């Protein structure tokens, strides 16, 4: 079983269904990645900030060594964290990523957020998360996004990265970046679920030839274990009457409806699971179609509910306002 492929604006192929590495426990990560490759996953969406790239690399390299897959058949993703936006820091970041993954290159490198924090040396704290080197004090770095992007373009030219992309960007920032870039973003990764559809942003990205990957496809479910305050105020999508009724009509689990709603509209998805049967089930989401009426019913659930918002991190960062 394998995922359908999407053709990026640089001609490279990207699996439409991948495995998201966010919150995958370090203790079981390598084994989980290995098992995911065994059942057919080829795209692994990771990040510096996830703190598990060494384990992801262990799983990937074991699968390659055991002959389950060739490196060129995989699509490995990482993301540049906020503390590494200075051009010199971008080079340090990719070296760290490749070292942790034990790979010579990655297939896609996102700018994780359009936020430049103060640089924190790797040996001091890694991943730094929201630490800026001075207790709880938040410090920005005076580095424009285009400056960071040009340093990322150099990674492509040097063969360390095949494609570069953007994550958590709004339309105006994308437009500004396109005015000055040499290499256009190949992919935009955004929070996307029925409570936060962002149709105009998706339409704009598509008109610019930028593929869209959805994260947190299950909405509040992704944030339950983080004790996110907004989770308490909304119905889980797995139990929402609209989703469950559509799932019953197709005799599939609610999760499959949520993922198919995205892929049927051309988006890529990156769900995760530690259970083999769910891993396989998530790969098979394109074996049925939702009706136009069902697609519209799901989209009608949109209430603009964003869970991953830097403004709520305690530092009033104006990413989405």
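Cβ coordinates are placed from backbone N, Cα and C, and glycine is handled just like the others.
For reference, Swiss-Prot has these:
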type     : residues                  : note
ACT_SITE : 50                        : active site, proton donor
SITE     : 79                        : site 'Lowers pKa of active site Tyr'
BINDING  : 112                       : substrate binding site
BINDING  : 167-168, 216-225, 272-282 : NADP(+) binding site
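Feature annotations (Swiss-Prot) mapped to structure.
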{"residue": "79", "record": "site 'Lowers pKa of active site Tyr'", "CB count, 10 Å": "24"}
{"residue": "112", "record": "substrate binding site", "CB count, 10 Å": "21"}
{"residue": "167", "record": "NADP(+) binding site", "CB count, 10 Å": "22"}
{"residue": "217", "record": "NADP(+) binding site", "CB count, 10 Å": "24"}
{"residue": "220", "record": "NADP(+) binding site", "CB count, 10 Å": "21"}
{"residue": "223", "record": "NADP(+) binding site", "CB count, 10 Å": "17"}
{"residue": "272", "record": "NADP(+) binding site", "CB count, 10 Å": "19"}
{"residue": "275", "record": "NADP(+) binding site", "CB count, 10 Å": "10"}
{"residue": "278", "record": "NADP(+) binding site", "CB count, 10 Å": "15"}
{"residue": "281", "record": "NADP(+) binding site", "CB count, 10 Å": "19"}
### Rounded distance in angstrom between the Cα atoms of residue 79 (site 'Lowers pKa of active site Tyr') and residue 220 (NADP(+) binding site)
23
### Summary
Rounded to a whole number of Å, the separation of the Cα atoms of residue 278 (NADP(+) binding site) and the residue listed as 'active site, proton donor' comes to 22
### Summary
For residue 50 (active site, proton donor), the nonlocal same-chain Cβ neighbours (under 8 Å, six or more residues apart) come out as 21, 22, 23, 24, 127
